[in-house]
Amino acid sequence: MSETLATDATAPAEKKDFIRQIVREDLASGKHTVIRTRFPPEPNGYLHIGHAKAICLDFGLAAEFGGLCNLRLDDTNPAKEDPEFVVAIQDDVRWLGYDWAQLRHASDYFQVYYLAAQKLIRDGHAFVCDLSAEQVRQYRGTLTEPGRNSPFRERSVEENLDLFARMRAGEFPDGARTLRAKIDMASGNINLRDPALYRIKHVEHQNTGNAWPIYPMYDFAHSLGDAVEGITHSLCTLEFEDHRPLYDWCVDKVDLVGHPELLQPLLDKGLPREAAKPRQIEFSRLNINYTVMSKRKLTALVEEQLVDGWDDPRMYTLQGLRRRGYTPAAMRLFVDRVGISKQNSLIDFSVLEGCLREDLDAAAPRRMAVIDPLKLVLTNLPEGHTETLQFSNHPKDDSFGTREVPFARELWIEREDFAEVPPKGWKRLVPGGEIRLRGAGIARVDEVIKNADGEIVELRGWLDPESRPGMEGANRKVKGTIHWVSAAHAVEAEIRLYDRLFSVEKPDDESEGKTYRDYLNPESKRNVRGYVEPSAAMAAPEQAFQFERTGYFVADRRDHSEATPVFNRSVTLRDTWAK
């Protein structure tokens, strides 16, 4: 992909968070002339809603200040990575409305990392250690006790270079040796107690095959990857704040800017020389109630078949939210509403749902659909009577135009819109009572037909011929208006009624001896057969609608077709979880 300046027409003119203030100051002082950011996910799973905040910040910041944002796949742990995730990550970023200046992989820089590690050894800043993982833990110390130096810490430069070369050659088994930074085993920051920089893993890599039996650790690869790409502002969540001293140590001790020879492998590949010193800045991660976002727990939900896959519309993956009917505009609005700060907080799920309602209220055309059908026969219309009515596609926006809706003697209405014995304040159909049929006139129920079990199976009634749209009688006041579809023309559809996956605000809370599995909401998915007007059935996958009086729905991106329509409820018209 060519390197072009990021643009984002949807970005607000001015945002005031502390990160943008830093960027403004850096540009004003001349410290930087072009802002460079990156989004660096590991391709070991599907992105979730928490990643949306990072994507919108990394790409949005670059766009806002006319800069560049790379997508870098942090593929340094090949045992857990898969090309399926690589494709999904790119799909998610584009879906949110962003594009990258360059698509890079940490594996593009493996030779640079190796040369950098050799430099650290020559400079006396790294050593090969033979301690096992368990021994390293024992030597590390605790938060209140300093660690102890490895017995291998004082190996000579020559011995370390030889051992590291033999690690590279594949001579040793997994776990036999590591390359460790030589920093300070008494540091109050445990991340600085001689952390590992390289480990031995004889695992085939999706990009480099079996070329490398050693792989760099995250902190080493991440910091140098930023430096290689000339990233000016490396944005990450607060849990990496304690890692920043190690990040800076790696950048400063390797000093790619002062040692351009380390970059020669990139130049040999035709990649540009862009090295610069990056600055890491931390912000609060996105935490939302009624969700879990641990990759381990999301994986368990899928593998234990507690959900229907990574793109199950109840999942908080971006693929799941997209299939549920969440829109890129709603996701970006949500990130804006949440804001950027250094204070961790728990965001109410209703904020996310509210952003979707706000977007779809403006963007979704209206249609009629009946989810729990009950037949209403208008007996004063002749057998076989049909006509075509004109309906607005959006009551607030004439640019959406109009559509034709068939109307007939026999209709489907919602079962819940009729009450044989109405509760107090009831404003819908009752025996002998009148109701306005949306866009068609005023109807009355004269007869209730039941089956042998006493269940209502049909209503028979009358349509006031003087109350048709445009007639004087249409102005007559009645208590309520209901929607309908023509029984002769409506298309049967599968309608999936989705709700929150968990029934409690904090499903991660295990204080009562329960786990998130115990808090799964049994009402989070209900499949029903309903009827939709013909123009809804003809919709393309991912087309969103407001089904009038019912909620916002989307044509399923996987299963929907004109012949077999499938609609997912994205969100109810109102917050049904409000306390």
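Just so you know, glycine gets a Cβ as well, placed from its N, Cα and C.
Noted in Swiss-Prot for the protein shown:
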- 41-51: motif ''HIGH' region' (MOTIF)
- 42-44, 48-54, T237, 285-286, 293-295: ATP binding site (BINDING)
- D74, Y218: L-glutamine binding site (BINDING)
- 292-296: motif ''KMSKS' region' (MOTIF)
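Location within the structure of each feature annotated in Swiss-Prot.
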| residue | record | Cβ neighbours (10 Å) |
| --- | --- | --- |
| E42 | ATP binding site | 17 |
| N44 | ATP binding site | 16 |
| I49 | ATP binding site | 22 |
| H51 | ATP binding site | 20 |
| K53 | ATP binding site | 20 |
| D74 | L-glutamine binding site | 20 |
| Y218 | L-glutamine binding site | 17 |
| T237 | ATP binding site | 15 |
| L286 | ATP binding site | 23 |
| S294 | ATP binding site | 12 |
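With respect to their backbone Cα atoms, K53 (ATP binding site) and D74 (L-glutamine binding site) stand 18 Å from each other. Residues belonging to the motif ''HIGH' region' (41-51) score a mean pLDDT of 95 in the model. Between E42 (ATP binding site) and D74 (L-glutamine binding site), the C-alpha separation comes to 5 Å. Following the DSSP three-state reduction, the secondary structure of Y218 (L-glutamine binding site) is helix. For the motif ''HIGH' region' (41-51), the DSSP-based tally of helix, strand and coil residues reads 3 helix, 1 strand, 7 coil.
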